[in-house]
């Protein structure tokens, strides 16, 4: 896709981007302006730090859903002194007007809604292509799901041992491995050179964090990482309250289905599953939960949900939502047994939770973008949303701005910390200190009209606390 600048900015031409339509930039800019009023954390960081430029010299390779809210994050990073190159971390999650607005500010972005897998991995390479002669390269990664980090690490391993990309296990790996092989031929040593320049990564989501901890455990983590996901002001807000609003938004935009009276199955009762269950119950659905963890299963039961297995539920429920981060949670056999017109969707990061590959052999009927009928030989149909990828971003616009402000404020603080103090960190996975977590929360209270009670000196002494926090021990679970 070619890119020519819309005359919104200086009538100049900016070609270091791949977006759907730069004429959408004005629309994107108007929505960004609205989002900024709902993102007090990011705006406070701009006000506090823009004059100090704490990210000056940072060249951030960003791989995160290219939404309106992400545009506010990108422009905050730039305001704090960083250079940025950006791609989306999902082929369906880009909001094209958001990407256009960022490109119109001469910020390199490579993303459009409905990318092919080949384009997705091409764009993942592009965020590391700082200069054609290699004189500058990315020195920080901001990741969501871990694909940008994976690309450099796997590519570097393949430089030493090509057999690591010899046997793909699925379609996505086929495309990724082919992309790496092509780069190994055209640019020998490209991956290891880029990897060597990275100071650290900040990771947004549960799935990507899991990858980082696995690498740390094996001694394969090449640089320090900050686990943004497990900041309380991310996981207990974005994952819970964000999904509570965006799941139903995606299902309703896609299908116009009446939720009330339906049986809905949520696979997984972590923070994401809890938010999904609340939203569906709030609209009148009977909600069932599947779980492997006895603690989460007990929580679900104590909240009044029925805890079942997919084998029990697959032929009875009307709506199925996966929220586990696992693979093949909904199998071919489960889908064969589902009711006619059952709705099947996923809100976990990757598309592995529903075994979509196993039903590709049947007839597919596209209803509209990201909404498909799978027609079985019996004539029964199920409705698959976003091809098993993130339903809230594929079929809607993701989480609301306010809750993303909380998550993204953590991201900016994590980038600042690693950029300024990365040499003090070992090649391990870290979380931000609780004092910063509480600061992020404080930045968002005023928007909601919240007034905090302040401890008296006597009370603080009694509790053995600093009056200004932190207020809870590290192990406190909220």
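Using the three backbone atoms N, Cα and C, a Cβ is placed for every residue, glycine included.
Remember, predicted model here, so these are calculated numbers, not experimental data.
Positions annotated as substrate binding site by Swiss-Prot, on the basis of sequence analysis: 67, 144, 204, 234, 238. Taking a C-beta cut-off of under 8 Å and a sequence gap of six or more, residue 144 (substrate binding site) has these contacts in its own chain: 63, 64, 65, 89, 203, 204, 205, 208, 349.
Cβ contacts within 10 Å of residue 270 (NAD(+) binding site), excluding its own Cβ and spanning all protein chains shown: 19. The NAD(+) binding site feature in Swiss-Prot is assigned to 205-207, 239, 268-273, 291, 326, 347-349, 392.
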I want to check the contact list for residue 67 (substrate binding site): same chain, sequence separation of six or more, C-beta distance under 8 angstroms. What comes out?
93, 94, 95, 98, 393, 397, 398, 404
Rank the binding-site residues 234, 349 by the number of other Cβ atoms within 10 Å of each Cβ, and give the residue at the low end.
349
Using Cα positions only, nearest of the binding-site residues to residue 238 (substrate binding site) (207, 272, 347):
272
The record lists 67, 144, 204, 234, 238 as binding substrate. What's the largest Cα to Cα distance among them, in Å, rounded to a whole number?
17
Measuring Cα to Cα, how many Å separate residue 291 (NAD(+) binding site) from residue 234 (substrate binding site)?
23
